[in-house]
Amino acid sequence: MGKSGLYFSLICFYTLFPSSFGNPSRCTLFIGASSYHSDPCGSNHPRCTWRLDLFSLTKDQSLSPPCPGLVTYSQYHKPYSLYVFPHWIAKPDRRGLGYYSASYSDPCAIQCPYLGCQSWTCPYTGPVSNPHWKYTSDLNFTQEVSSISLHLHFSKCGSSFSFLLDAPGYDPVWLLSSQATQIPPTPAPLIQDSDLQHILEPSIPWSSKILNLILLALKSTNYSCMVCVDRSSLSSWHVLYDPLKAPSSPDPQAQSILRPSLAIPASNITPPFPWTHCYRPPLQAISSENCNNSVILPPFSLSPIPDVSRPRKRRAVPIAIWLVSALAAGTGIAGGVTGSLSLASSKSLLREVDQDIDHLTRAIVKNHDNILRVAQYAAQNRRGLDLLFWEQGGLCKAIQEQCCFLNISNTHVSVLQERPPLEKRVITGWGLNWDLGLSQWAREALQTGITLLALFLLLIVVGPCVIRQLQTLPSRLQHRSQPYSLLNYETNL
């Protein structure tokens, strides 16, 4: 009885929680517009491993740098060693070979520690004591000239960290963020992600590549579908293929590389790039043959464009709707005229307030430029002092104090400058000057007269229609009360 109960419990547990066993996961690094997947890792196998190329990381980050206005001081060179900084954790301790212990708690921002970065890229969080990272178990890496073998514990996947150089300067060379992802259910391709040059080549911007793919997909559907591109992940694949170029006889040694979730036939079109893969419609898979009749697309969805050109049937509108519409129109016109005149009376006041805001904004921008110029002088002196104390490890290490950096942001002032004038944001009238230099009682009398005139014109327009409908109402009611003719009882049936 005990064994049967144990077996029954195990069967129920595996049935209710199938995702905790045998569901492969991994950790994905994001830099710029590119992503790098680790080896399969999870709770059972918590060590996530990457083999990264430093030159590829540099190209990927140059497309989307973390700090657009970053002042670059140090440049990557092969003999330089690397430091790794997980963000917002305990202060690092050097452990030889150019490595830092994976813990940091400095109140200074290290994500973009130099001048030129904006406030949203360098958030100030203050000293943070948790979570605590251990260098050997949570994060470690080995550097071999231009390549890095990175090892990260799966529990720390979801954080961000930077790679710095053992060289003068403070700018991060690479800023990476991580996120836990699931391995797609389709079999992994035999070729690496970097070999799909028509999708992941870092030298070509993502936007131009996506536009070409959207144009090609629209041509294949004769512009009858809307294309929605999903660039969040490449876990599912779509294929665009030419059915006229399908291989006639299958190769017995060919293997299926991947099975796309969507295959779109496109014949008699000229793609913006050559076909790069071989798709077999009977197998519904990309094979290792060299027929070159298809191209792999990022995930997107096709939906038919709604037809809005259908004719509408006209129906007679009852008299009650005419009356309600007339009353509503009269009330709306009166309210609109009154509201426009009321807003126009405060136009001069808004203009004066807008001028005061403009003067204050100019003064703040001028003070910001002066502070930024002083900060640049201080940064220049800091570089020179670091070169003088280079043998002691830099200025901060020589004086045994924390290295702080000045982060000056002008985001709020720029947003204030880009906003339209206060008069355009508040007044939504007809653009006419209703002030006319009149007193308050004269403006109120003018408003009342315009309202009465609008109601009188509305009565002239709608009144004849209402009277005509009321005159014909008795005859319509009489015809409706006698739908059948009376029988003449004097006639012989």
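Glycine too: its Cβ is placed from the backbone N, Cα and C atoms.
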Have a look at 225-228, 261-264, 457-460 and point to the one annotated motif 'CXXC' in Swiss-Prot.
225-228
According to Swiss-Prot, N-linked glycosylation site sits on which of N222, N268?
N222
Sparsest-packed among the recorded positions, when each Cβ's other Cβ atoms within 10 Å are tallied, from C396, C465
C465
Mean of pLDDT values spanning the motif 'CX6CC' (396-404)
75
Reduced DSSP state (H/G/I helix, E/B strand, rest coil) at C396 (disulfide bond) is helix
Between C465 (S-palmitoyl cysteine) and C396 (disulfide bond), the C-alpha gap once rounded to whole angstrom
90
